[in-house]
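Asks: Right, I'll just put the structure down here and ask away after.
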Amino acid sequence: MLRRRINRLCGGDEKRLDSRTIYVGNRPCPDTEAFIPSKFCDNRIVSSKYTVWNFLPKNLFEQFRRIANFYFLIIFLVQVIVDTPTSPVTSGLPLFFVITVTAIKQGYEDWLRHKADKEVNKYLVTVLEDGRSVRKESEKIKVGDVVEVVEDETFPCDLILLESSREDGTCFVTTASLDGESNHKTHYTVSDTEKDLQALTATIECEQPQPDLYKFVGRMHIYQQEQEQEQELVVRSLGPENLLLKGATLKNTKKIYGVSVYTGMETKMALNYQGKSQKRSAVEKSINAFLLVYLCILISKAIVCTTLKYVWQSKAGQDEPWYNQKTQKEKDTNMYLKMFTDFLSFMVLFNFIIPVSMYVTVEMQKFLGSFFITWDKDFFDPEIEEGALVNTSDLNEELGQVEYVFTDKTGTLTQNNMEFIECCIDGFQYRYRDTLSEVDGPVNNQQQNAGQEKEELFLRALCLCHTVQVKEAGSEVLVDEVDGMDGLLPQPEQETGFIASSPDEIALVKGAMKYGFTFLGLESKCMKIKNRQNDIEEYKLLHVLNFDPVRRRMSVIVQNNSGETLLFCKGADSSIFPRVRPEEVDRIRMHVERNATDGYRTLCVAYKKLSAEEYAMADAGLMEARLALQDREERLISVYNQVETGMSLIGATAVEDRLQEEAAETMEALQGAGMKVWVLTGDKMETAKSTCYACRLFQRGTELLELTVRTLKDEDKKRDVKLKELLQEYYKKAVLDAPPVRPGVTRSWSTANQDYGFIVDGATLSLVMNPPCDDDASQNKSFFLQICQSCTAVLCCRMAPLQKAQIVKMVKNSKGSPITLSIGDGANDVSMILEAHVGIGIKGKEGRQAVRNSDYAIPKLKHLKKLLLAHGHLYYVRIAHLVQYFFYKNLCFILPQFLYQFFCGYSQQPLYDAAYLTMYNICFTSMPILAYSLLEQHISIEILLHNAALYREIANNAMLRWRPFLYWTLLGIFQGLMFFFGVRFLFSNPALQDNGQVFGNWSYGTIVFTVLVFTVTLKLALDTRHWTWINHFVIWGSLAFYVFFSFFWGGIIWPFLKQQRLYFVFANMLSSVSAWLVIIILILLSLLPEILLVVLRKPRGHHSQQKKQSQSNVGGNQSPESSTRPLLMRTFSDESSPVV
């Protein structure tokens, strides 16, 4: 006893066990010793990252973890410590600007989080204390408090429902803020609880907090007062149906009472705050590679200058000239230390070749650029009144690099809008036509009587085997609600709305209505249906055996008025057929396969009469499993499997799920853009195959290679032997014997070659991915991957969610690390969405889990075409140009400084004034490239959408490969040499002013800097194809600002400067006609190669001509080399040429 008390005091129970004990109302139970409250966290929500006290150190630490920021910090410290040629301000100010801007952005975002937290934590709630209702702030709720919530209020913490104002002990909630599902979910009170909650004595034992919104395991010990001094202990199981989650909203229920079990940061909503793993784009990796190259250039320059300095000083009279004698301290300095100091000084002098401001510009470009997706009116869907959503802006450019698209079928390729088409009862087909049943097949009198009984049994099964709720008809027109999506119910007899977690269930209930059986609703565990004779039948609902993706079926156990206990079960054919008699399967299988081939979703329906002994055993097993705290789900599934055996097959249903709008056109465009599309679905092979044909992923001439359980069946050989043989056969056919195809070329460009489609199912995939230990395992996996990559389309059916992620991971980690994209609409797609480089969620009918976990969300599949072919293409081109331009302009900036050392005795004399060094990247050249990277459209969006082949021109990171990088580098070197030696040629004539005075070294540097600023800005103007007033404003405004600043900076004597190097230098320089002439000539000569490229290639790639060509070749039959290549070469001066 003492040990138990010590454990409770120290929180030992929580550490030792996977469960927690909660006292309802924080009152002790009579049969326990003194009540010692357990220590749980309070109900404060903290989503913020910083506090007032830790913001500065924590934010600085995070920012200086970036290599570029840390590098510039080191340079700044070197400038402060060592006597360097440039002021610490030159590197300190840009670094301070970058750090400050980022800190302000992150601080503002965190302030918004603080504000939201305070709003939630200070919200007033009602808590029952000593029989009184007390209003208190939400953050003061403790675990065990009984909380009152009224209609339309959100739950302040995770509660177990104890009492409801509804007579049947239920309440309705919406969880839109948690998973996006706006449909009403039903939750149930715990049975046997006291009506007077003040008199309730109970404890709750439940699992420790975990983030899964749909799982909860616990049990409640209720102490009921039977006689004086005697109490009876009643134990009731607790599940997700009893748990009300923080953030959910109470609907259609006046008031409820619940006991808090998880508070604050332990609520399921708070545990789901944890972000996804950080995804890095290919552009970031390219930037890091380029940075290393430029860092090597920087170090090389510093080493060369340091070496040449000491070589030069080794000559007689050079080290200590008569006019510059060394001090005694300088003479006593160690030579190697002096060399190291000089090396650091050169590093500081040339460090501007590394563009620190590029990171801020890239972040701003990504952040601001993401708004264009959100604002795109073409993405707005009037049905749900929503547009696109950007959850992360770090991957915008990755949308232009996708090579593999992995898509779900149901709800993604199809609408997930189910319509009951037909059913098969006892081997006979029933198709509904204009209120008449059309029966296919011979029916004699004897069979017709038996058919009548089977028909009614089948329709009763459809009316009873589901979790559909009925909304009563009111003054409004009622609709069916499925996970937040509304659809009209065409019901002439009575206006009734249905609520369900799956559109399949509503379709089946409405299908039964067509044949005369109507589901009226569930009241107090009693299900009511109206039969063909308009009689009301009542069934007591005993148990619901819930659907799960592993079992792929669900069942109900009901009791009719005559006392018979019946089990009705519906599920996938692969799940039902092994559990019924084989002779019944043969009558149904043909219809199921035919319906699947027609593209319909099929479900089989079975039933079983349970004897009293069977039901008693099942009931006891289910009660025991539901009370278990450990492995509850495994135990429940075990009991489900025991009960769902020996059933009788009644029939099957066929439900049509229509294709998404423009699904075929979208898939065709993606393939034309060089992407390979894989369909990953849990549906049957035949249904999925017909969908692939409808979407044009498989053409009529496509040869299908099938690797499924069916093809592996061989009486003479083991499955693994047959698997190896098939893989070798397919490998030879699709890989070895196939003619070589240029990368990125799909069937649109190689119609003479045989197209292959590959079909694999989940069971066979398990054999390939998780084989028994043998020598052929890795070879099989390699063959499998190469076969998949050689096929134009791949269909993976009967897939579990984890297998979807495995497939994506396998391709993602394959040779070449191709960029992958996953798109889906349901919770079963979350794993593959998180695994892919880019995850896209569709705002569909299977909840919003996919949207919440995605990087981007779109209303419909058809929007994927514009997202990739237009937005993705433009984002990539813009940011690639931004990165290359930044390195180019900084090389132009520093190369003259390096060359200047050869003419100043390697004395580390700066060529530019400190103000120019500081302002170059921050003010003079930053805004034009930012505007370009946000607004540029080198090809119009209409052309990009009509000519999908243009997407392939930028594939494989084409604009950030080494070839375009080398081009930009050589261009920077050429222009840097031109700036320096052009001005030096001018200075060969010393008399440049009318009064005979000569220019000094600061005039020299200022002329070079003026030519530099105008050249790099006009180079960007030449590259701009889409001019807006913003481009004009920032380009010409930046040049005007430079001129104004130079006059202003040199025209005033600044009292805070010790020496003013540029006093009247700029104005004096512009008074010379020679200076004007050389500036204009050097700008023109530097830009001449660019101008010649534009002029010479204009006839071949004229914009209007390109538009005309693409519109006349919408089918995608023009050669990409004939028109798209010249346009990109003209536009981007050869940096966009693909590297094969």
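Residue numbering: from 1, along the chain as shown.
From the backbone N, Cα and C atoms, a Cβ is placed for every residue, glycine too.
According to TrEMBL, the feature ATP binding site maps to Asp408, Lys409, Thr410, Glu505, Phe547, Lys570, Arg601, Thr681, Gly682, Asp683, Arg798, Lys804, Asn828, Asp829. Residues annotated as domain 'P-type ATPase C-terminal' in TrEMBL: 851-1097. Taken from TrEMBL, the feature region 'Disordered' applies to 1103-1140. Taken from TrEMBL, the feature transmembrane segment applies to 64-82, 289-312, 343-362, 915-935, 965-987, 1002-1021, 1033-1054, 1074-1096.
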Asks: Six or more residues beyond either end and a Cβ under 8 Å away: which residues meet both conditions relative to the transmembrane segment (343-362)?
Replies: 66, 68-69, 71-72, 75, 78-79, 82-86, 90-91, 94-95, 97-98, 101-102, 287, 291, 294-295, 297-299, 301-303, 305-306, 879, 882-883, 886-887, 890-891, 893-894, 897-898, 901, 908, 910, 917, 920-922, 926, 929-930, 933
Asks: What is the one among the binding-site residues Thr410, Asn828 whose Cβ has the most other Cβ atoms less than or equal to 10 Å away?
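Replies: Most Cβ neighbours within 10 Å: Thr410.
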Asks: Against which stretches of its own chain does the transmembrane segment (915-935) lie, if we need a Cβ under 8 Å and a gap of at least six residues from its ends?
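Replies: Sequence-distant neighbours of the transmembrane segment (915-935): 86, 89-90, 93-94, 97, 352, 355-357, 361, 364-365, 368-369, 372, 878-879, 881-882, 885-886, 889-890, 893, 1005-1006, 1009, 1013, 1016-1017, 1020-1021, 1023-1024, 1026, 1028, 1030-1031, 1034-1035, 1037-1038, 1041-1042, 1045, 1049, 1062.
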Asks: Of all the binding-site residues given, Asp408, Phe547, Arg601, Gly682, Arg798, which residue's CB has the most CB neighbours within 10 A?
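Replies: The residue with the densest Cβ neighbourhood is Asp408.
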Asks: If contact means at least 3 Cβ pairs within less than 8 Å, sequence distance 6 or more, would you call the transmembrane segment (1074-1096) and the transmembrane segment (289-312) in contact?
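Replies: Since fewer than 3 Cβ pairs under 8 Å link them, the transmembrane segment (1074-1096) and the transmembrane segment (289-312) do not come into contact.
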Asks: What mean pLDDT does the predicted model reach across the domain 'P-type ATPase C-terminal' (851-1097)?
Replies: 84
